[in-house]
Every structure is written in C-alpha cells, then in structure tokens.
Amino acid sequence: MATPTMDKVGTDPSASPASPYITVTFRIRRFNPEVSDEAQWQDFQIEIDPKERVLDALHKIKWDVDGTLTFRRSCAHGICGSDAMRINGKNRLACKTLIKDINPEKPITVEAIKGLTVLKDLVVDMDPFFQAYRDVMPFLITKGNEPTRERLQSAEDRERFDDTTKCILCAACTSSCPVFWNDGQYFGPAAIVNAHRFIFDSRDEGGEQRLEILNDRDGVWRCRTTFNCTDACPRGIEVTKAIQEVKRALITRRF
Amino acid sequence: MQIHKYDTVIVGAGGAGMRAAIESTKRSRTAVLTKLYPTRSHTGAAQGGMAAALANVEEDNWEWHTFDTIKGGDYLVDQDAAEILAKEAIDSVLDLEKMGLPFNRTPEGRIDQRRFGGHSRNHGEAPVRRSCYASDRTGHMILQTLYQNCVKEGVEFFNEFYVLDLLLQEDPETGLKKSAGVVAYELATGEIHVFQAKAIIFASGGTGKFFKVTSNAHTLTGDGQAAAWRRGLPLEDMEFFQFHPTGIWRMGILLTEGARGEGGILRNKDGERFMEKYAPVMKDLASRDVVSRSIYTEIREGRGCGPEGDHVYLDLTHLPPEQLDAKLPDITEFARTYLGIEPYTDPIPIQPTAHYAMGGIPTNVEGEVLADNTTVVPGLYAAGEVACVSVHGANRLGTNSLLDINVFGRRSGIAAAEYSAKNDFVELPENPAQMVVDQVERLRNSTGTERVATIRLELQECMDANVMVFRTEQTIKTAVDKIAELRKRYLNVSIQDKGKRFNTDLLEAIELGNLLDLAEVMATSALARKESRGGHYREDYPNRDDVNFMRHTMAYREVADDGTESIRLDYKPVVQTRYQPMERKY
C-alpha cells in the first residue's frame with residue numbers, strides 16, 4: 001500500500017508559503033428601493049487572498065466596509081443553495097467560486113440572478129421559483145398498501161435518477177435560462193430536474209401525472225436546449241440531458 | 001405588528017422541524033417559521049448517514065446500538081432515551097425510505113449500510129455496518145425528502161421569519177411557566193409578528209458559529225437556545241461540544257467520517273497510521289472525541305504535517321477511484337474545489353472542526369421542555385440539536401444526529417399536536433412584542449463605536465484558543481473573562497443598515513448577541529466540570545470522575561434586583577437503566 005510521506009509535501013498546498021494578499025475590485029450591482037428606484041454599480045477595492053471564495057470577499061465588504069450590502073448565504077460550501085449569483089456574467093454559487101479562478105486582475109462583477117424580481121442588492125424573490133417546483137408534485141407517489149419493510153430497488157434503478165437527486169434548489173439553472181428570462185410562466189430547468197428525479201424513480205407511480213403537467217404550454221417543450229442550465233449547475237447535474245429525457249418520456253411514454 | 005394564531009408553531013425547518021411538521025400538520029393547524037428557506041437548513045450538510053440496526057448487511061440489533069450510544073456519550077447519556085433512539089431508529093429509516101428517500105442499495109435491493117465511528121458489533125468487538133446512507137449526501141437527501149413531504153402535506157411555511165423571543169406566562173399562584181407564543185421578525189419587511197400558539201416546538205439547530213474553525217453554517221447562532229435562556233429556562237450540558245476530527249484544514253468544512261468508514265486512514269507527517277496507538281480495535285473509527293484528541297496530540301508532539309505542523313492527513317489514495325466516485329463524490333469534490341487537491345492521488349490536509357452541540361434546551365423523551373430537573377413547561381417542546389434529551393451525553397456518535405432529528409422530531413410533532421388538540425391558548429402577555437421591538441430599535445438607533453464583525457471574530461478566536469479540544473482551568477477562565485469583556489462591548493455595537501428591507505446587518509448583530517450569551521454559558525459550565533468526559537477534556541483533570549460528575553449540568557440565568565445578570569449552575573441526575581459505567585476503550 002502506498003503510504004504518503006514527506007515526499008507528498010511538494011504537492012500539498014499547505015506546504016507552500018501563505019500566498020500574499022492581492023487587491024481586487026468587486027463591481028457590485030446595488031439596488032435598494034428604500035433609497036432609490038434605480039439600480040447602480042458600485043466598486044469596492046479590497047485586499048484578499050485569491051484562494052478565498054467570492055463569498056469571503058462579499059463578507060469582507062459587508063463586515064468591514066459597507067454593512068448595507070445584502071445577500072443570502074448560509075452553509076458557505078455549496079450545499080444549501082442560498083448564494084447563487086451572477087459573477088462575471090455567469091451564474092455561480094459565491095461560496096464555491098474561488099477568486100483566483102475568475103481573473104482577479106480585472107474588476108469582478110457581481111449581480112443578482114436574472115429572471116426573478118430583485119428585492120435588494122443580490123436578493124431576489126424566490127417565491128415563483130419554489131412555486132414552479134411545488135407544481136411538478138415533487139414527492140414520491142405510490143399506490144396500494146405500504147410494505148412493512150423498505151421498498152426494494154436495484155442499484156441500477158437507483159442509479160437511473162442519481163444525477164437529479166443532487167439538486168439544491170439554488171436557481172442557478174433556472175435563472176440562466178433565456179426562455180425563463182422572457183417568460184416567467186415557464187417551469188424552468190430546476191422544476192423539470194425535480195420532476196425527472198421522481199419520473200425515473202422505479203418506486204414512483206405518479207409519472208403520468210407529472211408528465212401531463214410538463215406537457216403543458218409552459219412545460220418542457222419550451223426548452224430550446226441552449227445548455228446554459230447545465231453550464232450553470234454548481235452540482236454538476238446534466239440538466240439539459242434530464243430535460244431531454246423527460247421530453248423523450250413524453251413521446252414514448254416509457255420511463 | 002401582526003398577530004397570528006395557530007394550534008402549533010414550529011421554529012426551524014431543518015430535519016427536526018420538518019419531521020415534526022409532517023406529523024403536526026396532519027393533526028393540528030401548524031405554522032413553521034424559519035429564518036432561511038427550509039431547504040437551506042444545515043441538516044443538508046450532513047453527509048455520512050443515519051444509524052439504524054436494520055441488519056441488512058450483517059448481524060446487528062438495536063441493543064448493541066443502544067450500548068454504543070451510551071458508551072460513545074461517555075455514560076452521560078440518559079439510557080431510557082438512548083434505548084428509544086436505537087429502537088425507533090429502524091422505523092425512522094424505513095419511514096424515510098417510504099417517503100421517497102433514495103438510499104444506496106445492496107445487491108438485493110435493500111438499504112445499504114456502512115461503518116461509522118463508535119458503532120460496533122456486540123458491545124465493542126469490531127466495527128459494524130449500521131449507517132444507512134445516500135452517497136455522501138445523506139443529510140441533503142433527508143432535508144429534500146422531508147421538504148418534499150411537507151409540500152405533499154401542505155405544510156404552511158413562513159420563510160425568512162426570525163424568531164427572536166419566546167412568550168411565557170407565569171401562573172401567579174404556582175409560579176409555573178406556560179408557553180403562549182413566539183415573536184418573529186420578518187426579514188423582507190422588518191415587520192414584527194406575534195404568533196400565538198397552543199404548542200410550540202423549537203427545532204432551530206445548533207450554535208457552532210461561536211467557534212472560528214467550524215463545519216457549521218453562518219446561520220447557526222443558537223437563536224432558539226438564546227430565546228429560551230433569556231426567558232429563564234435552563235440549558236443543559238452546554239460544556240459538551242463535539243469537534244469533528246476531519247474538517248478541511250483551516251476552513252473547517254466537513255469531510256464525512258464515512259470517508260474512514262469506507263477505509264480512509266489518518267496519517268501524521270511520517271505517514272504513520274497513528275490511530276492504531278490510541279484505539280487498537282476501532283482505530284480510525286473510534287469515537288470523534290477520541291480521534292480529535294489523538295490528532296491534536298500528534299500535532300502537539302511535533303508530528304503534524306505542513307510547515308507549521310498544524311494538521312494531519314486524511315488518506316484516501318489507497319481506495320479505488322470508482323469507490324470514491326460512488327460513495328464519496330461530494331467530499332472529494334470539496335478537496336478539489338477548496339484545496340486544489342486530487343484525493344485519488346494525494347492525501348487531504350485536515351484538522352478537527354467545531355461541529356455539534358450535545359447540550360441544549362433540556363427535554364424529556366416526548367420532547368417536552370423542562371423548566372428544572374423535573375417540571376415540564378406545558379405546551380413547549382424542543383427537538384434536534386437545539387435540544388438536550390439527552391441521547392448524546394458527553395459525545396455524540398456519528399450518524400446519531402440525523403437519527404435524533406427524525407426520532408425526536410416525529411415524537412415532538414405528535415406530542416405537540418396532541419397537546420394543542422386538548423388545550424386552549426394561553427393569553428398573550430401585555431405588549432407581547434415589546435422586548436423584540438426594544439432590541440431592534442436599540443440596534444437600529446445605536447451610535448456606538450463597536451462593530452459586529454470585530455466582536456464576533458474576537459469571540460471566535462477566543463473560543464478556538466481556549467475551550468476547544470483541550471481545556472484547562474486557566475484557558476477556560478481566560479475565555480470567561482474575554483466573553484464578559486465582549487458582552488460589555490456588545491452594548492456599544494452599532495450597525496450601518498438602518499433600513500427595514502432585508503436588513504441582514506441588523507440580524508447579524510442580534511445573532512452575535514445570542515452567540516455571546518451562549519458562549520458564556522458554555523464556558524461557565526466547562527469551568528465547573530472538573531473532570532474529563534467525552535468532548536469535554538480538562539488537562540488539569542484528565543480522568544472521568546463518576547463520583548462527583550456523573551450528572552448533567554443545568555445552567556440558569558439569574559437576574560438580581562439591580563439588573564445584574566449571573567449564571568447559576570445546578571445538576572441533574574443521569575438516567576441509568578441497564579448499563580453500568582465502564583472504562584471507555586476503543
């Protein structure tokens with residue numbers, strides 16, 4: 001068995017000297033209707049270790065410079081889904097984006113995700129997003145009597161929908177979708193991902209109902225396969241593929 | 001100010017709160033108040049699994065699980081509660097599966113199980129596969145599944161409502177307290193809401209943010225514990241805090257014990273598998289307190305890794321990449337994202353990270369909150385990390401917290417709804433929102449010179465330095481003094497955001513006040529416990545002292561006539577049924 005010893009230290013980031021702080025400009029889209037009806041860009045220059053997260057930079061600004069800067073966050077490591085935002089024009093989680101990875105030489109732009117109403121700074125109204133989620137019946141539907149033990153499911157059947165169980169409902173996909181930007185009635189990728197998670201679960205018996213919901217004019221057929229959602233997903237879910245699989249299930253009625 | 005009336009109000013929408021809500025919504029008109037959105041709760045960060053003696057992959061039974069829980073908790077566990085936990089674990093897991101939780105499966109299609117720290121076959125003979133898991137995102141799947149079932153049951157949520165006060169009414173004759181409602185601050189508008197309820201369940205989670213290196217979310221600020229504390233309710237066993245052995249070095253992000261359950265090994269700078277020295281049988285799967293102390297012993301004796309020798313390695317390089325991809329995809333991705341390390345080929349630098357509060361609001365096994373050692377507060381319940389039943393005693397076993405929230409979330413949900421069906425509303429006190437209004441206005445109008453972030457950082461650094469894995473009389477006293485100083489300075493804190501809309505500046509200030517109060521309770525409780533037990537290790541008293549300290553700490557807030565606050569410590573006997581305390585060896 002290979003035993004890692006001191007020779008591994010060369011590849012260990014903890015072995016290199018602490019990297020120097022650099023000066024980074026954050027250009028943040030500010031909006032507070034209590035102050036002004038107009039949104040505007042504001043620049044903040046801070047000293048920060050580029051190995052830190054964008055969320056760390058936002059905290060530094062809020063805690064040391066301007067306490068009115070407002071954003072949502074909780075877990076700070078990409079699991080809770082609170083801090084999806086548009087960073088350098090791309091939807092990402094602030095807590096999963098390291099500053100060094102997004103060219104800190106130039107100003108880093110940070111703005112709220114698109115397609116949902118901005119309420120203050122980086123905070124958007126999440127209610128329409130969660131409503132679309134609830135509309136696809138995102139829960140296991142079964143018929144008949146419950147078994148006394150667990151329902152059996154083969155490892156292959158479990159694997160069939162593994163990808164879409166990773167969703168953290170951060171809205172990065174839905175708010176990167178051009179169709180959703182133009183038509184807020186569209187269910188959007190996240191809701192379809194969560195429908196997929198049940199449609200392809202061998203234990204579920206509500207697939208037909210969910211497919212009918214998604215066959216609606218605001219359903220899966222609005223998807224133009226631009227792959228923005230797949231690019232945006234911080235959990236690496238193949239969102240576009242999941243949507244395609246739902247479309248195929250609607251045509252073949254096989255899932 | 002708005003007043004709402006519900007039969008049952010649940011504070012918090014993590015695992016315990018939502019498990020309770022599923023039960024109570026079926027039985028009573030229920031509102032769930034959460035300072036986040038339900039799916040943002042920190043239950044979602046739990047990784048490795050949920051313990052239950054299903055015996056799907058090898059022989060196991062709930063009695064062994066009970067024993068492991070009691071031993072893991074260094075015999076401070078209430079044994080009647082541990083028995084309930086282990087016995088009801090089996091149905092709890094099966095319930096979740098029936099609700100749709102996508103557990104990993106065995107070749108036969110049953111729920112798969114894996115090894116975890118402190119869980120053993122036949123009272124410590126060897127590790128046993130007891131953790132039911134869904135990849136390394138079991139907490140995420142539990143949180144999602146419970147939310148999905150809340151949607152199905154039509155649970156009514158008030159999202160981004162911060163509960164800042166608990167309303168109690170005291171019987172003028174008997175002096176007994178009854179719960180009447182809670183006061184909440186609505187983040188979106190700054191409006192204050194009073195929720196009158198026949199039954200209230202606190203399920204608001206932990207308080208880990210008073211440490212700097214922690215696996216806890218920014219939002220885990222002990223709001224429920226603090227609200228109860230300020231209204232004169234006791235807090236139990238607050239000195240017992242768990243330090244998880246494997247946090248990402250310096251960041252504290254959790255890397256599941258499941259990594260060691262899958263065969264991962266801890267190594268020092270010489271590549272030595274040092275846990276063999278400290279726990280010859282269970283090795284890397286000894287209980288968390290034992291492993292965390294062993295790591296710091298290696299570091300202190302100069303065998304830590306890196307130029308500063310301040311961490312050790314979690315080595316997964318001998319495991320097949322397919323196994324890492326299938327069983328540990330999230331934590332290997334964390335190592336890549338945050339450290340730039342490839343776990344297939346390189347060991348991951350780790351250090352212990354502040355993880356879990358064993359102590360909290362004392363309850364009995366129905367989830368009813370206690371006002372002292374025996375008296376129940378009618379209508380008030382608590383479940384999950386905010387509560388202390390006590391099933392975790394001095395040290396919680398891994399996978400027992402996801403279990404705790406399901407077993408005691410369910411129990412408290414049923415008990416609270418049954419209580420509200422049989423009882424009437426308790427009248428609200430006069431000006432029910434006054435304390436919250438005063439608190440909010442004082443902060444909004446303050447022109448003080450202290451900053452929230454500065455005080456919080458000083459608190460966190462003080463806690464890391466003085467009341468972490470190793471403690472002495474001197475370090476704890478240093479912490480007590482520093483916290484007292486910070487509490488004084490906190491009175492002079494001001495905020496920059498004076499607005500009503502999404503004022504997170506204001507709420508961070510309030511959260512800091514909660515952390516300061518609870519840090520003081522923790523340090524004061526730790527100072528008085530002159531022994532070492534579980535997560536509380538005193539270098540000046542390195543042995544467990546069953547003669548003097550086989551008892552729960554009960555801390556009470558006392559306010560003198562002149563307004564001076566102090567903490568009074570009392571003790572509560574441990575419930576022992578069939579297990580006599582033994583020396584704890586792994």
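Keep in mind that glycine also has a Cβ here, set from the backbone N, Cα and C atoms.
Substrate is bound by B:H244, B:T256, B:R396 in TrEMBL, and the record lists one more residue there from B:H218, B:H355, which is B:H355. Proximity to chain A, defined as a C-beta distance under 8 Å, is registered for the following recorded positions out of B:R40, B:H42, B:G44, B:H244: B:R40, B:H42, B:G44. Listed binding-site residues: B:R40, B:H244. The one with the lowest count of other Cβ atoms within 10 Å of its Cβ is B:H244. For the binding site of substrate, formed by B:H244, B:T256, B:H355, B:R396 according to the record, the largest Cα to Cα distance is 14 Å, rounded to a whole number.
Excluding B:H244, B:T256, B:H355, B:R396 themselves, the residues of that chain whose CB lies within 8 A of the CB mean position for the substrate site are, in sequence, B:S215, B:Q242, B:P245, B:L254, B:E257, B:R288, B:Y356, B:G398, B:S401. Separating the Cα atoms of B:H42 (tele-8alpha-FAD histidine) and B:R288 (active site, proton acceptor) is a whole-number distance of 20 Å. Neighbour counts of Cβ atoms within 10 Å were compared across the binding-site residues B:G12, B:G44, B:G48; the minimum falls on B:G44. Looking only at the binding-site residues B:T256, B:S401, the densest Cβ neighbourhood within 10 Å occurs at B:T256. For the recorded site, B:S401 (FAD binding site), the DSSP three-state label reads helix. B:G12 (FAD binding site) has B:H355 as its nearest neighbour among the binding-site residues B:T256, B:H355, B:R396, going by CA to CA distance. Working note on the recorded positions B:H42, B:R288, B:H355, B:R396: by count of other C-beta atoms within 10 Å of each C-beta, B:R396 ranks first.
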